[in-house]
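Pulled from TrEMBL, these are the features on record:
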- 2-251: domain 'G-protein coupled receptors family 1 profile' (DOMAIN)
- 20-39: transmembrane segment (TRANSMEM)
- 60-81: transmembrane segment (TRANSMEM)
- 165-186: transmembrane segment (TRANSMEM)
- 198-215: transmembrane segment (TRANSMEM)
- 235-253: transmembrane segment (TRANSMEM)
Amino acid sequence: MGNAVLILLIWLDSRLHSPMYFLLSQLSLIDVALISTTVPKMVTNFFSGKRTISQIGCGAQILFSLTLGISECLLLTLMSYDRYIAICNPLRYSVLMSHTICKQMVIGSWVGGAITSLVHTAYVMHLPICHPREIPHFLCEGMALLKLTCEDISTYVKSVVVSSFLVVLIPLSLILASYFHIFLAVLRMNSLEGKNKALATCFSHLCVVTLYFGPPILVYTRPGSSKTPKINQSLFMFNAILTPMLNPLIYSLRNKDVIAAMKSIMLSRCLLKKVKSHLGCHT
């Protein structure tokens with residue numbers, strides 16, 4: 001609901017028709033889809049008592065969750081680039097972050113996520129399962145599913161570490177580099193109001209980055225992480241459910257533009273109801 005409201009506000013209010021909010025609406029869209037890949041199935045299993053999933057359903061869950069997860073990594077990196085241009089190079093912002101470029105960024109993040117996810121899902125799903133078919137997880141996750149196969153997967157596990165480095169640590173490094181330059185630019189600002197506004201938008205984004213990038217780093221790059229399945233499941237709860245739920249709260253509660261847009265739309269709806277009621281009384 002929070003993500004849906006944020007998407008609606010950005011779509012309806014012309015003051016939010018900027019590259020930053022366009023990228024934020026895409027983040028909310030990914031979060032809605034990410035929750036939808038796991039939570040409905042979990043709720044169904046909980047109330048029905050049948051904790052089963054078909055092989056096609058399992059493959060689809062891996063494919064969509066990986067696609068959305070990697071796309072969000074890339075999108076968060078692009079959002080940090082947007083803040084870098086807005087604060088460090090404001091005179092060229094309209095050129096470097098035009099509507100066409102924003103669309104290309106979003107399409108690139110979706111395509112990058114889909115291709116990477118398709119490769120991993122195809123490999124995981126083609127392996128035969130020769131152990132009891134009970135996945136030690138609350139969702140279909142590639143590494144958890146690999147524990148059920150009887151083939152040697154040591155080479156693939158190494159490739160997962162390498163790909164995790166590419167899609168997690170490299171984007172995170174780019175984000176940190178962007179914010180290093182941003183904070184240097186903020187320190188040179190003379191206006192206190194300008195400093196506060198820049199830091200407010202950056203703080204919200206950094207909170208989301210910390211919540212989103214922290215769990216995958218601990219799951220996929222931590223030595224011996226495969227030996228702590230309970231901890232891994234708890235960390236996956238952040239990425240699959242908690243972070244998508246908290247994102248709209250983090251951005252809306254600290255963002256004056258979003259709060260103003262919400263008040264404006266609510267006020268216009270109230271006025272419209274009063275006008276309709278007034279006209280109804282006269283007729």
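Placed from the backbone N, Cα and C atoms, the Cβ positions cover glycine too.
For the domain 'G-protein coupled receptors family 1 profile' (2-251), the predicted model reports an average pLDDT of 83.
Residues 3-4, 6-7, 10-11, 61, 64-65, 68-69, 71-72, 75-76, 78-79, 82-83, 86, 99, 102, 105-106, 109, 138-139, 201, 208, 239-241, 243-245, 247-248, 251, 257 of the same chain sit 6 or more residues outside the transmembrane segment (20-39) yet have a Cβ under 8 Å from a Cβ within it. Outside the transmembrane segment (165-186) by six or more residues, the chain places 70, 73-74, 76-77, 80-81, 83-84, 87-88, 116, 195, 198-199, 202, 206, 209, 213, 216-217, 220-221 with a CB less than 8 A from a CB of the stretch.
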